Structures are given as C-alpha cells and as structure tokens.
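Trainee: Just lifted these from TrEMBL, have a look:
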type	residues	note
DOMAIN	305-339	domain 'PDZ'
TRANSMEM	15-35	transmembrane segment
TRANSMEM	55-74	transmembrane segment
TRANSMEM	80-99	transmembrane segment
TRANSMEM	106-128	transmembrane segment
TRANSMEM	140-159	transmembrane segment
TRANSMEM	208-229	transmembrane segment
TRANSMEM	249-280	transmembrane segment
Amino acid sequence: MEVVIEILKGAGKLFIHPLTYLFLLVSFFVGLARVKRERKNFHVRVFDFILEAKYLFFPGIIIGVILSICTVLVGTYVTIGTLVFVALITFLLSGPWTFRWLSPAYVLGVTIFATLVIPNVGIGDGIVHTWSLELKDANLPSLTFLLALLVVAEGYLIWKFGVKGTSPAIIKSKRGQEIGAHFSQKLWVVPVFLLVPGDAITSTFSWWPVLTVGQTSFSLFFVPFAIGFSQRIQSMLPSASISFTGKRVLFLGVGLVLVALVTLVVPLFSFVVAALAIVVRQWISTKQRLADENAAPFFTKKSEGVIILGIIPGSPAEKMGLQVGELITKVNGVPVSEVAKFYAALQVNNRAFCKLEVLDYSGEVRFAQRALYDNEHHELGILFVHNYKQLTSEAV
C-alpha cells in the first residue's frame with residue numbers, strides 16, 4: 001500500500017514538469033497552423049484549434065501506466081543526468097509546426113549515443129557538468145528496454161488512434177493538378193514511472209517520494225515522454241495508410257524488445273539497438289512518403305460522382321453517416337459528376353429534403369437521406385476537391 005501511495009504522489013508531480021507545458025504549447029501552435037491551412041483551402045475551419053491538445057493525455061496516460069508496470073518488473077532505472085538530457089533532446093526536437101521528430105526511436109536513440117560522447121567531452125560547469133558526467137553511469141540495458149517499450153507504445157498509438165481527426169487539405173500534384181490529401185498530426189504524452197537512484201532529487205526537494213530497495217534508495221519520478229506522429233496521405237484512405245504505418249512501427253518495437261535482451265549480457269550492444277531503432281524508424285517514414293507520392297492520388301476529380309474529401313463535425317453530412325472517401329453519384333435523383341452540379345442538385349425540393357446515392361468503400365450503392373432545416377449547414381458540411389476561391393459561400 002505504501003508503494004501505491006508513493007506512486008500516486010509521484011504521478012501528481014507530472015504537472016510540475018516543464019515538458020508537460022511545452023507539449024501543450026506546441027500542440028496549440030500546430031493546431032493554429034492547421035486551422036490557418038483549413039481556412040485557406042476551404043474558407044472554413046474544419047476542427048477547433050485545440051484538437052491536437054484533446055488527444056495529448058489520453059490514451060497516453062493509460063499506456064504510461066502499463067509501461068510503468070513493465071519498467072518496474074524489469075528493474076529499469078535512470079540517472080538524473082540521463083533524464084535531463086532526454087528533456088533537452090525532446091525540447092530540441094519539439095518543432096512548432098510538426099510532431100514528426102518526437103519518436104522514442106530518435107529521442108532515446110540519440111540519448112544512448114550521448115552516453116558515449118558527452119561524458120568524454122565535458123559540458124558546462126557546476127550542476128550541468130555533473131549531469132553530463134552522470135550520462136557515463138547510465139544503465140544502458142534499462143535505457144534500451146525503455147526505448148523498445150516506448151516504440152511498441154508508439155506503434156500501438158499510431159495504429160489505433162492516429163486516424164482520429166485527420167485534417168483534409170488541397171495540394172498540388174506533381175502534374176500541377178489540385179488533389180485532396182489528409183494530414184495526421186498527433187502528440188501523445190506517455191508519463192512513465194521511473195526510478196532514480198541516490199538522493200539527487202531528495203537533496204533538493206526533501207518532500208519527494210522515496211522507496212528503499214535493499215541498501216539503495218530510489219526517488220520516484222514520472223517522466224512525460226512525448227510520442228509524436230505526422231503523416232500526409234494522398235494515395236489511399238487515411239485509415240488504411242495510418243493503420244499500415246502503425247503496424248510497421250509496432251512490429252519494429254516488438255523486434256527491438258527481443259533484440260534488447262542481448263544487452264543484458266552485452267550492455268554495449270545497446271548502441272546497435274539504438275542505431276537500428278533510428279534507421280528503421282526513419283526508413284518506415286521515408287518509404288511511406290515516397291510510396292504515397294508516387295502512387296495515383298485517391299482524392300481527385302472523378303468521371304462519375306464527386307468524392308468526399310472531408311466532413312465538418314456536427315454537420316448534416318456527419319449526421320447522415322457519410323464517410324471520407326465515399327463517392328456521391330446522385331443528389332435528389334440528379335446524377336452529379338462535378339462539384340457545381342452537386343450544389344445545383346441540392347436546390348431541388350427547395351432544400352427541404354436531401355437524398356444522396358452513395359458508393360461506399362466496397363463499391364456498393366447505398367442511400368443517405370435526411371430532412372434539412374434552415375439553421376443547419378447550408379451545404380451539408382461536405383468538403384470536396386475543388387477550388388474554393390471560386391465559391392461565394394464559406395463552407396461546403
């Protein structure tokens with residue numbers, strides 16, 4: 001019971017960690033940039049600017065609890081100097097417009113290599129110098145297992161949650177044509193319970209929770225690790241592309257966990273694992289990007305029907321059950337092959353009622369129909385691949 005109480009106390013300290021507020025700030029920056037792009041593309045904001053912040057702590061906290069149990073079971077501990085360096089690398093990779101570099105493979109991979117370089121160089125004076133020297137005493141197997149477990153978490157989060165709230169956009173293809181795309185920008189905070197040996201923390205903060213194992217005392221510390229994800233999709237459905245990427249990263253994480261077992265016998269093998277994590281994680285991102293760019297665009301103008309690029313939350317289109325990627329072939333019985341005809345067909349029946357004929361992902365025809373009201377979104381809330389500068393309305 002004492003251990004549980006101390007863990008809960010340590011969890012509360014998460015909110016005094018400066019990185020927690022850095023992640024909130026970066027999320028707001030990314031959200032504002034996204035809203036600016038959405039307004040430029042569609043003359044309307046698709047999602048609130050706080051969308052990215054909504055996903056910041058959930059389900060990351062639950063994942064963090066699971067990882068904390070794993071780290072305790074394998075006896076993972078880190079020095080305060082290592083934690084400081086992880087925080088520094090995280091800060092440097094927290095660009096204001098993207099989350100793509102905040103992968104555990106990069107952050108902890110660089111940290112592992114830093115244990116080989118920084119202590120031999122010697123940085124700063126006083127406490128900074130002490131922290132740099134502590135990197136030499138870093139527990140390499142612990143760092144390696146932590147890296148591997150966080151990459152597993154990264155893969156799972158991308159796979160299951162990366163597709164939520166993808167943002168539609170209109171971009172130029174290699175041929176200069178307007179095509180549709182989706183952007184997924186996610187940042188998850190995964191607070192992991194770690195043990196810090198010695199009195200590095202309690203010497204400054206006497207109230208900090210402490211556990212004693214044998215003759216060694218450990219300070220309890222929740223470290224808010226950031227897991228970032230950024231991907232553009234233009235050649236397939238966002239759900240399919242992001243799920244595939246997530247499974248690849250998850251497979252990488254499981255492989256790293258297995259390879260990390262070698263470090264229990266040969267600690268220096270940690271550098272091989274770190275290099276493998278960095279190289280393969282970058283390969284996954286690069287391969288996805290190149291394959292997506294070289295494939296035929298999915299969201300483009302069709303000879304029959306108009307493809308749904310996006311749906312505004314809370315709009316009639318969402319209430320009708322329409323999905324991104326579906327093809328609208330008829331509106332109120334009128335065949336439509338371009339966006340202008342879609343608008344014209346909506347005026348049939350004086351907009352009191354709307355009936356759509358839709359081709360779903362399997363090529364099956366289904367019907368979506370609904371009464372329309374004066375206070376509802378005047379163009380159903382559907383976003384198409386279209387030059388919105390030609391429209392007088394502010395939303396589609």
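Cβ coordinates are placed from backbone N, Cα and C, and glycine is handled just like the others.
What does the local environment look like for each feature on the list?
Mentor: Confidence over the domain 'PDZ' (305-339), given as mean pLDDT on the 0 to 100 scale, stands at 94.
Away from its own ends, the transmembrane segment (15-35) comes close to residues 45, 47-53, 56, 87, 90-91, 94-99, 167, 183, 185, 187, 189, 222-224, 226 of its chain (Cβ-Cβ under 8 Å, at least six residues beyond either end).
Taking Cβ pairs closer than 8 Å, the transmembrane segment (55-74) reaches residues 7, 23-24, 27, 142, 145-146, 149-150, 153, 156-157, 161, 164-165, 186-195, 222, 225, 227 in its own chain, all 6 or more past its ends.
Outside the transmembrane segment (80-99), and at least 6 residues removed from its termini, the chain residues within Cβ reach (under 8 Å) are 18-19, 22-23, 26, 29-30, 33, 106-108, 110-111, 114-115, 118, 130-135, 137-138, 143, 185-187, 194, 196, 198, 200-201, 221, 223, 225-226, 228-230.
Beyond the ends of the transmembrane segment (140-159), by six or more residues, the same chain brings 59-60, 63, 67, 70-71, 74-78, 82, 103-105, 108-109, 111-112, 115, 186, 188, 190, 192, 194, 225, 227, 229, 242-243, 245-254, 256-257, 259-260, 263-264, 267-268, 270, 273-274, 277, 281 to within a C-beta distance below 8 angstroms of the stretch.
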Trainee: Should anything in the same chain at least six residues away from the transmembrane segment (249-280) have a Cβ under 8 Å from its Cβ atoms, list it; otherwise answer none.
Mentor: 104-106, 108-110, 112-113, 116, 140-141, 143-145, 147-156, 158-159
Trainee: For the domain 'PDZ' (305-339), what does DSSP give as the number of helix, strand and coil residues?
Mentor: 5 helix, 11 strand, 19 coil
